[in-house]
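Q: Got a structure for you, questions after.
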Amino acid sequence: MIYPVIWQNNCVLLIDQTRLPNEYAVVEIHRSEDMARAIQTMIVRGAPAIGVAAAYGMYLGAREIETGERQEFLQELEKVAQLLRATRPTAVNLFWAISRMQKTAYKTLGTVAQIKENLLQTAQAINAEDLQTCQAIGDNGLAILPKTPEKLTLLTHCNAGALATAGYGTALGVVRSAWREGRLERLFADETRPRLQGAKLTTWECVQEGIPVTLITDNMAAHCMKQGLIHAVVVGADRIAANGDAANKIGTYSLAIVAKAHNVPFFVAAPVSTIDFELADGSQIPIEERNPVEIYQVGDTTLTPPGVKFYNPAFDVTPAELITAIITENGAFAPHVLTKSSQQAVV
């Protein structure tokens, strides 16, 4: 199994995902500032993995605070939280994990040393829980995949695999479960412009585990569906609004429209922590815009002439009506049940 975030020898070990697939490298993170930089530069990426990394980042920041006075410590810890919150605005798991760490700090009534110890334990719990969550998502997703006489061919976008979580994955968790049970023939993976997470990361994960994978460009999906090559689409999510609108890597919305046009089921796989019940719908989800160099430059080669303007949103929002079901660790739900009044049933 692939584990992108590991606590070991009093530091955090991150698989450097910017170097994959050509180089497997592990980065040691000792300070909260370094963790913030790792999240911002996408050394670690994927909403659940970012949440785990941010939790450890909170502990690293707490460890750096020298005061033994409780109130002063909590004030300094808030500065660490602000640093980490500023890294990636769309992934709600980041904010959820930071909030959980802060609650741990405020609820601990002992010494500052005890607060720090409890923060580490909470970060480790978030890590372990996410792994269990992803395995449950995989099995719940397997249960609602189309029943066909032949093995399934699935399509995914970006990377919602082990690299994007504590391990196993959300969308790729469903793929892994299908492969484990002998129900998967092949995975089709969108390359996912502009950062090519599908080409670089999803295919790498599949090769590591022997899962048959075919890479296609993003604009080939409609053709593949028309040819009858795809039984279902399974993607992850970085934030889901209360009405079921789901923000995921840019290009997901287009894929959902194409799937709807070809009567191909479209599933979103994500932990309950990704559902933001404070947002009524997807129009309220903040969309990160990244450096346009990701669009116009490959390596040291510039692809465009001078004078061209660029627009580089990292995410788009898929309307709930295009989503067949949202797969969580607690089961699969039609998007319309994810309302504030049904939060208890979902959570």
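The first residue you see is number 1, and the count goes up from there.
Keep in mind that glycine also has a Cβ here, set from the backbone N, Cα and C atoms.
The model shown is predicted, which means the values in this text are computed figures rather than measured ones.
Below, the features straight out of Swiss-Prot:
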type     : residues                                           : note
ACT_SITE : Asp238                                             : active site, proton donor
BINDING  : Arg45, Gly46, Ala47, Arg88, Gln197, Asn248, Lys249 : substrate binding site
SITE     : Cys158                                             : site 'Transition state stabilizer'
Q: I want the residues beyond Arg45, Gly46, Ala47, Arg88, Gln197, Asn248, Lys249 whose C-beta is within 8 angstroms of the mean position of the substrate site's C-beta atoms, in chain order.
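A: Other same-chain residues with Cβ inside the cutoff are Ile50, Ala91, Cys158, Asn159, Ala160, Ala164, Gly236, Asp238, Ala314, Phe315.
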Q: Would you mind reading off the Cα separation of Arg88 (substrate binding site) from the residue listed as 'active site, proton donor', to the nearest angstrom?
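A: Pair distance, Cα basis, whole Å: 10 Å.
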Q: Using Cβ atoms only, which residues of the same chain lie under 8 Å from Asn248 (substrate binding site) while being at least 6 residues apart in sequence?
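A: Asn248 (substrate binding site) has long-range Cβ partners His157, Cys158, Val235, Gly236, Ala237, Asp238, Val268, Phe315, Asp316, Thr318.
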Q: Long-range neighbours only, meaning 6 or more apart in sequence with Cβ under 8 Å: which ones does Ala47 (substrate binding site) have?
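A: When sequence neighbours closer than 6 are ignored, Ala47 (substrate binding site) has Ala91, Val92, Asn93, Leu94, Ala164, Gly236, Ala237, Asp238, Arg239, Ala270, Thr274 within Cβ distance under 8 Å.
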Q: Taking the residues the record says bind substrate (Arg45, Gly46, Ala47, Arg88, Gln197, Asn248, Lys249), how far apart in Å are the two Cα atoms that sit farthest from each other?
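A: This binding site's residues have a maximal Cα-Cα distance of 17 Å.
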Q: Quick one: among the binding-site residues Arg45, Arg88, which has the most Cβ atoms sitting within 10 Å of its own Cβ?
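A: Ranked by Cβ atoms within 10 Å, first place goes to Arg45.
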